[in-house]
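These come from Swiss-Prot:
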- Gly9, Thr10, Ser11, Leu12, Asp13, Gly14, Ile15, Asp16: ATP binding site (BINDING)
Amino acid sequence: MYVAGVMSGTSLDGIDVALVHIDGSGVDSKVELIHFTTVPFCNDMKNDIQQALSIENSNVQLICSLNFKLGLRFANAVKEVCKEANFPLRQLDLIGSHGQTIYHQPQQDGGMIPSTLQIGEPAIIAYETNTTVISNFRTMDMAAGGQGAPLVPYSEIILYRHQTKNRLLQNIGGIGNVTVIPSQLSEKSVIAFDTGPGNMVMDEVCQRLFQLSYDQNGNIAKQGVVVEEVLTYCMNHPFLKMNPPKSTGREQFGEAFVTGLLNRFKKHSKENILATVTMFTACSIVHHYKAFILPYYEIDEVILGGGGSYNNTLVEMLRNGLREEKCSICIQEDIGHSSAAKEAIAFAILANETYHRNPSNVPSATGAKNSVILGNITFPPYADENEANI
């Protein structure tokens, strides 16, 4: 099957789209990346999303409209990846769309029960592309008692398992998440959870203090010095004390967290603050390895992915934090994969599994009671593709 995976993450960089060919289904399926592209958000769209994410500034009218706007943007992004690959859109079998997370609440908070909301109307995508769309992947896992995250471990089992090596897959997107893929693989042996902020805090600090969307290659952070009192404040965040399975997001490490941090530590230089929150991401990752993984597994290889894997300062901090461990650290490209495309590929794989009526959550990662089939299916509007005017 030819499948397009569409991902818009917490970093708000844009829309990632991976066009892949998948042979078969289940953990033995074969996946080939044909083409990958990122379609950046225009400033107006990014501002609308940021407003929708803010409890103080959001409103239901905005979210309702944005749901349809994003659906159209996602559809256009699918058309773009097909155009760039010189691949006929009519030959596309399936689209897996994660959507844009507006709010994710994995645990009950007072009268608010566990819930999640991703938008980007699948009917718009299906209509514009005349292709079946699988969307809303997280809700069935939560219905089964899970946290709805992380969902990428199933795809990581397919793509990264190794006969002799115990591997850690560390994604550093807006949020960091890790998956343990043991060489002696069984579903229950796969551990996965969020490790805390990935790029989210760094990017927010960079935007506020330097008017830049991100710290390219970690060049600014490299000029600063880590401030211990600020790092201690960050490392005392309650999320780091929770046991897996667990997930987090902008609700805990977004604008409110950064506002509190900057107000509390105004006396320190901009460069030092950025260096410290970069170290916070590194230390939160290392903390979770030492607390929840390394006591149980001897790790041979740590494979970094996501935008944070291109931050040389962050990667060096991680290397220093894991220097005593006997494991190599590399990025996706070192083993023939793409850091940027990883999550979009994951949702193409999950869509393929849903199409074949296969469960694709990993209960040991999400905390769900059992394995379930993920996602909602939206069929194309035309029974005969020749009726479509596309």
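Positions of Cβ are set from backbone N, Cα and C atoms, glycine also.
The number of other CB atoms found within 10 A of the CB of Leu12 (ATP binding site), across every protein chain shown, is 20.
The Cβ of Asp13 has fewer other Cβ atoms within 10 Å than any other of the binding-site residues Asp13, Asp16.
Sequence-distant neighbours of Ile15 (ATP binding site): residues of the same chain at least 6 apart with a C-beta under 8 Å from its C-beta are Val6, Met7, Ser8, Thr38, Val39, Phe41, Arg73, Phe74, Ala77. Highlighted in sequence order, Met7, Ser8, Thr38, Phe41, Gly173, Gly174 have their Cβ within 8 Å of the centre of the Cβ atoms of Gly9, Thr10, Ser11, Leu12, Asp13, Gly14, Ile15, Asp16, the residues recorded for ATP, and are not part of that set. Cβ neighbours within 10 Å of Thr10 (ATP binding site), excluding its own Cβ and spanning all shown chains: 22.
Neighbour counts of Cβ atoms within 10 Å were compared for the binding-site residues Gly9, Gly14, and the top value is held by Gly9. Listed in sequence order, Gly173, Gly174, Gly198, Asn199, Met200, Asp203, Gly307 are the same-chain residues six or more apart from Ser11 (ATP binding site) with CB atoms under 8 A from its CB.
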